[in-house]
Amino acid sequence: LRFRLAGYPRKHNEGRVEVFYNDEWGTICDDDFTLGNAHVLCRHLGFVAATGWAHSAKYGKGVGRIWLDNVNCAGNEKSIGDCKHRGWGNSDCSHEEDAGVVCKDERIPGFKDSNVIEVRKLLARVGDVQDVTGCGAVWELGVQESNTGFPGSWQGVGAWQSLVAGDTSTATGHTGHGSGLLSPHRLFTERQQLNYRLHSVSCMGTEVHLSMCSFEFYRGNSSAACGAGMPAVVSCVPGPLFATGNAHKKKQRQQQQQQGQPRIRLKGGARVGEGRVEVLRSSEWGTICDDRWNLQSASVVCRELGFGSAKEALTGARMGQGTGPIHLNEVQCRGTEKSLWNCPFRNITQEDCKHSEDAAVRCNIPYMGYENLIRLSGGRSRFEGRVEVAVGAGDGDQPRWGLVCGEGWGTLEAMVACRQLGLGFANHGLQETWYWDASNVTEMVMSGVKCAGHEMSLSHCQHHGASLSCRNTGTRFAAGVICSETASDLLLHAPLVQETAYIEDRPLHMLYCAAEENCLASSARLANWPYGHRRLLRFSSQIHNRGRADFRPKAGRHSWVWHECH
């Protein structure tokens with residue numbers, strides 16, 4: 001059984017409950033519904049418990065089958081199927097009685113969210129074969145304006161097996177590209193028997209995923225289908241982060257110079273293309289409230305930043321709480337806008353939102369294969385270990401695995417390694433890893449690694465290249481990392497320091513503790529204690545944790561120094 005939350009308007013932890021049974025999504029009737037039912041369903045959805053439930057299709061009417069009716073759970077069952085009910089598909093309800101749940105906004109540790117539209121693995125093959133083949137004899141698609149700026153209509157576009165090529169926005173969006181060109185094209189590069197699955201595909205261009213477009217399946221012998229049609233080719237335009245050729249990069253730089261400072265950014269995400277959405281308004285960065293936040297608005301953000309469409313529109317500060325103002329509320333994009341600022345929104349008032357409602361996104365990004373060029377060995381879990389990288393994999397040869405010199409290796413380098421591995425944030429960057437000596441890889445192949453912290457791969461950081469220079473080449477001095485899905489993110493509240501700062505002349509006889517704690521300048525040692533005074537700059541300070549994990553000092557309590565002055 002699979003479950004998902006649907007409906008509108010709603011937050012990420014509430015909605016109409018839909019269950020996938022017998023290869024079909026359906027709903028649950030609200031007859032005899034109880035909080036016990038909601039507890040079981042919320043656990044299915046990855047939340048620890050339920051705080052309430054909704055009747056009479058509060059989140060809108062569903063479609064398809066009503067799978068369950070008269071459900072009665074005690075609340076401790078492992079599956080909704082273990083509860084009493086009338087039997088699968090046996091119901092006397094209409095969709096006006098669809099049940100919904102409100103779950104406690106606390107995830108079950110380690111729960112993998114399946115309530116996400118994921119791009120199938122076969123999409124990665126688009127980058128390998130360059131062409132997407134399919135039938136386009138029936139499809140006539142009108143595009144008012146594509147992301148490339150060319151108006152007009154495309155005809156004769158189709159699909160390769162279960163991959164549908166939609167219009168420029170939709171087809172390129174969920175493969176992680178911001179825009180692209182799409183046209184009918186006969187393939188002469190590879191003569192093979194083509195199997196067509198879909199036809200009459202019709203996208204508006206605002207869809208975030210091709211499965212949301214309308215289409216029809218071929219029945220019977222699919223190899224004989226699409227006789228008059230031709231295969232489709234999609235050519236994607238990479239965003240700034242993914243441009244590889246010099247011409248691409250030069251063009252991207254020119255565009256960025258013309259546009260000036262970006263007015264939107266993502267913060268707090270562990271991976272490329274995810275984070276809390278922050279916007280620049282009146283020279284001040286602020287966040288967006290999650291009221292009515294959905295995939296269409298999230299996709300506009302993703303495309304504006306050079307990614308594909310949105311994989312997930314996150315609410316409830318799932319990427320950490322921001323600081324400063326909340327600039328926008330109730331953003332309602334249609335999906336065709338070039339910028340979030342072109343979407344209708346409501347200005348915020350003090351009572352509307354708190355930072356616990358900051359909106360965030362996860363974007364589709366192109367499959368680059370960087371994670372295949374790095375691995376960890378010897379750690380106690382998959383999140384830690386000695387770093388091993390593959391070299392010589394680009395010229396068709398088998399990659400050669402080797403170690404990274406630990407000299408100069410620090411947190412920034414570890415951040416890039418953890419990002420490349422897809423393991424989140426860096427907890428530690430380690431220069432010695434003798435305790436992880438569990439691999440037969442012993443050769444150093446990379447040294448002098450120096451990262452800025454934003455790179456997607458260690459190969460993008462500065463390093464010595466082929467001319468290795470490592471003082472200690474033994475395996476015990478190889479670099480290692482400890483990664484974490486979540487991390488703390490400390491930020492000093494700078495305006496408070498400015499507002500509260502003042503100068504004070506304080507007698508020396510009141511500063512003995514401060515002197516013992518080394519809080520005074522070194523010249524205080526030469527003063528005529530206890531006579532005279534020191535001039536002090538005093539201020540209040542607040543440090544906010546904007547991350548998704550508690551802040552814990554790396555030094556344990558046993559090593560803390562206690563002082564009576566405290």
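These residue numbers are counts, starting from 1, taken along the chain as shown.
Even glycines carry a Cβ here, placed using N, Cα and C.
Here is what TrEMBL records for this protein:
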{"type": "DISULFID", "residues": "C29-C93", "note": "disulfide bond"}
{"type": "DISULFID", "residues": "C42-C103", "note": "disulfide bond"}
{"type": "DISULFID", "residues": "C73-C83", "note": "disulfide bond"}
{"type": "DISULFID", "residues": "C203-C213", "note": "disulfide bond"}
{"type": "DISULFID", "residues": "C289-C353", "note": "disulfide bond"}
{"type": "DISULFID", "residues": "C302-C363", "note": "disulfide bond"}
{"type": "DISULFID", "residues": "C333-C343", "note": "disulfide bond"}
{"type": "DISULFID", "residues": "C451-C461", "note": "disulfide bond"}
{"type": "DOMAIN", "residues": "3-104", "note": "domain 'SRCR'"}
{"type": "DOMAIN", "residues": "124-237", "note": "domain 'SRCR'"}
{"type": "DOMAIN", "residues": "264-364", "note": "domain 'SRCR'"}
{"type": "DOMAIN", "residues": "374-484", "note": "domain 'SRCR'"}
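For the disulfide-bonded residues C213, C343, C353, a Cα-Cα cutoff of 10 angstroms around C103 (disulfide bond) retains nothing. Calculated from their C-alpha atoms, the gap between C289 (disulfide bond) and C203 (disulfide bond) amounts to 29 Å. Looking only at the domain 'SRCR' (3-104), the predicted model's pLDDT averages out at 91. When the disulfide-bonded residues C42, C73, C333, C451 are compared by Cα distance to C93 (disulfide bond), the shortest distance belongs to C73. Of the recorded residues, C461 (disulfide bond) and C363 (disulfide bond) place their C-alpha atoms 24 Å from one another. The disulfide-bonded residues listed here are C73, C93, C302; among them, C302 has the most other Cβ atoms within 10 Å of its own Cβ. Most other Cβ atoms within 10 A: among the disulfide-bonded residues C83, C103, C333, that distinction falls to C103.
The least crowded of the disulfide-bonded residues C29, C451, C461, judged by other CB atoms within 10 A of its own CB, is C461. Separation of the C-alpha atoms of C29 (disulfide bond) and C213 (disulfide bond): 28 Å, rounded to the nearest whole number. Around C213 (disulfide bond), a 10 Å sphere centred on its CB holds 19 further CB atoms from the protein chains shown.
Cβ neighbour counts within 10 Å, taken over all protein chains shown, single out C363 as the most crowded of the disulfide-bonded residues C203, C343, C353, C363.
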